[in-house]
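S.K.: Before I ask anything, here is the structure I am working with.
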Amino acid sequence: MVKYDAIILGSGVLGLSIASELILKGLKVAVVGKDLPEDLDSTGFASPWAGASWRSVAVNEAERRRDHYTFEQFARLAKEVPHLCEKRAYYYFWTCEDAWKEPWYKDLVFGYRMLKPEEVHAPFKYGVTYEAYTLNTPLYLLHLASTLRSAHVPIIRARLSSLDEAYSLPQLGPVDLVINATGLGARSLLGVEDPTVFPAKGQTVLVRAPVKECYGLVDPLPQPSQKAYIIPRPGPDGHVILGGCYLPNDWSTNVDPQVAEEILKQCHTLCPRLDGKGGKGTWKDIEVIAHNTGLRPVREAGLRCELEERVIGGKVRAGLATKGGKVGSGRKVSVVHAYGIGPAGYQASLGIAKELGELVDACVKKSSDNKAKL
């Protein structure tokens, strides 16, 4: 049996990106998930349902660093696989003069500038444009998985109830290092059980339209949970994602028809050409392909990206849960947590993978040093 250096729990964009980073470091890894990259219709994980565009919402230096690195890697990806990642024009419109706050990334993206009055259509008064990247998320997930499998990385379907199980899976053998990229699963996975993890429901409409640019509404909508944005997917199909909403602590994956109608109306106002009639039709003329919902994996304090040392096996005092795994005596192991990214999974994914790789380097070095002392 192959001896693996690490097991990655979770096969969403973070888990697959982390696996890709670790094999570049020469580690033998395997990916384990309840849902697999091919499960593109599953609401069990958020990754297949994203837009996804690169528009950073970073609020601190660590988040900016991750987003910046991912942006640079998307530039490479756009050259290598343009049907997955493509540089597009972005346009944002608003009516209240002070609504737009100059973003930290204005010198990172391409051609950032305020729009001239004649470039802004009614009912809006102001606008900004720049160029950044968009992804075809379902195809990107499949691309990551295919690349990993070509590198002999197994991606296995398994449902685990506890973190401890991952260190001794029958299909993979014992490991001393697990990467926890379980997303919402971190709330219920025994040994993690993070009560600050919660879902934020999103709803979008997949349409076919002759639109190549991204659009966003800056002004708040009557419902604070609702946003208006347009994200064309790279590729020849003419697919465009219209959104959306952000509903914290909503576990429902049902489509709300009223939300869907509001999305279509607001997005048609943003870009009338969505109607396929050169802007002369109405929102009802938009060619709808599918209505989608997904649950974003949010954590109150933001992303958890840290190394934790644990002890598994041995005797555990009666009545105590496995959370933390530090009670009793047994085998010393490590876990690196990478969950709680919320709506920023794609635009931060490669930066998070790089940061996590550095944590794994430190963990492996410490383990080697300890063995050398024995």
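A Cβ is built for glycine as well, from the same backbone N, Cα and C atoms used for every other residue.
Predicted, not measured: the structure shown is a model, and the values here were computed from it.
For reference, Swiss-Prot lists these features for the protein:
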type: SIGNAL; residues: 1-19; note: signal peptide
type: BINDING; residues: Ser11, Leu14, Lys34, Asp35, Ala46, Ser47, Gly51, Arg296, Gly342, Gly345, Tyr346, Gln347; note: FAD binding site
type: CARBOHYD; residues: Asn180; note: N-linked glycosylation site
type: DISULFID; residues: Cys214-Cys271; note: disulfide bond
type: BINDING; residues: Tyr229, Tyr246, Arg296; note: (R)-lactate binding site
type: BINDING; residues: Tyr229, Arg296; note: anthranilate 1 binding site
type: BINDING; residues: Tyr246; note: anthranilate 2 binding site
S.K.: Between C-alpha atoms, which of these binding-site residues comes nearest to Cys214 (disulfide bond): Lys34, Gly51, Tyr246, Arg296, Tyr346?
M.R.: Gly51
S.K.: Which one, from the binding-site residues Gly51, Gly342, has the smallest tally of other C-beta atoms lying within 10 Å of its C-beta?
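M.R.: Candidates: the binding-site residues Gly51, Gly342. Fewest Cβ atoms within 10 Å: Gly342.
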S.K.: Applying a 10 Å Cβ distance cut-off over all chains shown, what neighbour count does Cys271 (disulfide bond) have?
M.R.: 21
S.K.: Can you tell me which recorded positions out of Asn180, Tyr229, Cys271, Arg296 are within 10 A of Gly342 (FAD binding site) by Cα, answering none if there aren't any?
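M.R.: The recorded positions passing the 10 Å Cα test are Arg296.
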S.K.: Looking only at Cβ atoms, how many others are within 10 Å of the one on Tyr246 ((R)-lactate binding site)?
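M.R.: Counting Cβ neighbours of Tyr246 ((R)-lactate binding site) within 10 Å gives 18.
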S.K.: State which of the following recorded positions has the fewest other Cβ atoms within 10 Å around its Cβ: Ser11, Asn180.
M.R.: Asn180
S.K.: Whole-number Å distance between the CA of Asn180 (N-linked glycosylation site) and the CA of Ser11 (FAD binding site)?
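M.R.: Distance between the two Cα atoms comes out at 10 Å.
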